[in-house]
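Working notes, beginning with the structure itself.
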Amino acid sequence: MISPFLVLAIGTCLTNSLVPEKEKDPKYWRDQAQETLKYALELQKLNTNVAKNVIMFLGDGMGVSTVTATRILKGQLHHNPGEETRLEMDKFPFVALSKTYNTNAQVPDSAGTATAYLCGVKANEGTVGVSAATERSRCNTTQGNEVTSILRWAKDAGKSVGIVTTTRVNHATPSAAYAHSADRDWYSDNEMPPEALSQGCKDIAYQLVHNIRDIDVIMGGGRKYMYPKNKTDVEYEIDEKARGTRLDGLDLVNIWKSFKPRHKHSHFIWNRTELLTLDPHNVDYLLGLFEPGDMEYELNRNNVTDPSLSEMVVVAIQILRKNPKGFFLLVEGGRIDHGHHEGKAKQALHEAVEMDRAIGQAGSMTSLEDTLTVVTADHSHVFTFGGYTPRGNSIFGLAPMLSDTDKKPFTAILYGNGPGYKVVGGERENVSMVDYAHNNYQAQSAVPLRHETHGGEDVAVFSKGPMAHLLHGVHEQNYIPHVMAYAACIGANLDHCAPASSAGSLAAGPLLLPLALFPLSILF
């Protein structure tokens, strides 16, 4: 049992010892503020170039509290207190808030939100690539209500397009880029009800291969949904859960290969070694499926067989940027969400740190002059941290006091609900008796649930590059792809764009923008 006096003494010691000397001088803070002001004034010179490239990073479940905790963790991984650290997304000049509700849900899911930020239309919970006229799990409400995504708009404009995720490639977020499904859980026909199959609906893996046949780069997990039922997995030969799931007997990987022109270089890979030995100059189409289901958490990742998110992003950009017309790339840090659902904050936050690393890699490979980068989340979680922790306190550590009610210690990180609710001897579990720094420790929650839930508050939208200033306030989530398309001169709204050249590519230089688009506070 930890002594309350020891806890308080440690907290006092940390508070006194972790204040850097420079921060005790008011001049440090004044100079820092003036530098920030100077940078802010530079932002009045708006970047109105055409966005040749658009990269969207989606941190699934990455609410504002997760962003802050990730910032602290990133700093502490570099042996700093953490609070003063800057994430890559923190360096973006423009920040907005996104309202995440679904058309039928106050607290949303990842499918309806993906339809909003990729297709530009809000939708019902559990549906992807369809309007709110489609009801979840009702196949016969799908036809005629399909909506297309910015990935499709970019491909139609001649750009290369890619999807990179740490989940299954047919999970909620990536599927909204190419599929139209009344149910996000229809990963293969094995997961579909007989009624939906008889009515002609297709599973999401099938749609991945057939709907937009020339997606240039696809990387993530989800191998088993591509193969016939009970086909042995290439990596986990004795694991029955890793075997193929398809009832229709189709080998979608072979079908994917058959759709590619013979004079193009198409590659299917399933491990990190194959990925890192590719010559991007000799790759036109890439399908990388590195796990039967979702990819492993970054903390658990096998460095031989599974690439990191940042490694996948680097290869994707190397392939996509060969197109002189540019590219659109969707990158999902999808397992931030899974870590939170399981109450495993350490897993979730390390996933977010890895996504931030990928954002930095992408930034080093592209230019602010011609690449719009947007970082956002689909929704939040009921994840919080508090307890008056001192500067530099481990983000996974204890608060510096005991509860004044049950006289037990508690961790700074807590959940509003989830699997971390534990009662021992009729009382709240004493966390000093468990390893709360373990990778899979489930933080305590107020309400017992097998899976922690999403949160309903707004999420942040960070942006940089051409037209990034259009993401500037509190917006409906479906506004985001309209901005990206506007910046890139793709999709339906092209009136502002310079005339195309005879070769069909966009003219270089700034967009033709009416002054009415900008508030006076930005213009002057």
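We number each residue from 1, going along the chain as drawn.
Cβ from N, Cα, C; glycine included.
Unlike curated records, TrEMBL annotations are generated automatically.
Quantities reported herein were computed from a predicted structural model and do not represent experimental measurements.
Here is what TrEMBL says about this protein:
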SIGNAL    1-17  signal peptide
BINDING   ASP60, HIS171, THR173, GLU332  Mg(2+) binding site
BINDING   ASP60, ASP337, HIS341, ASP378, HIS379, HIS454  Zn(2+) binding site
ACT_SITE  SER110  active site, phosphoserine intermediate
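Location within the structure of each feature annotated in TrEMBL.
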residue	record	contacts (Cβ under 8 Å, 6+ apart)
ASP60	Mg(2+) binding site	SER110, THR167, THR173, GLU332, GLY333, GLY334, ARG335, ILE336, ASP337, ALA377, ASP378
HIS171	Mg(2+) binding site	SER110, THR165, ARG184, TYR187, GLY220, GLY222, ASP294, GLY334
HIS341	Zn(2+) binding site	GLY61, HIS381, GLY418, HIS451, GLU452
HIS379	Zn(2+) binding site	GLY61, GLY63, THR100, VAL107, PRO108, ASP109, SER110, THR113, HIS454, GLY455, GLY456, VAL459
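Neighbours of the Mg(2+) site: apart from ASP60, HIS171, THR173, GLU332, residues of the same chain with C-beta atoms within 8 angstroms of the site's C-beta centroid are LEU58, SER110, ALA114, THR165, THR166, THR167, ALA172, PRO174, GLY333, GLY334, ASP337, ASP378.
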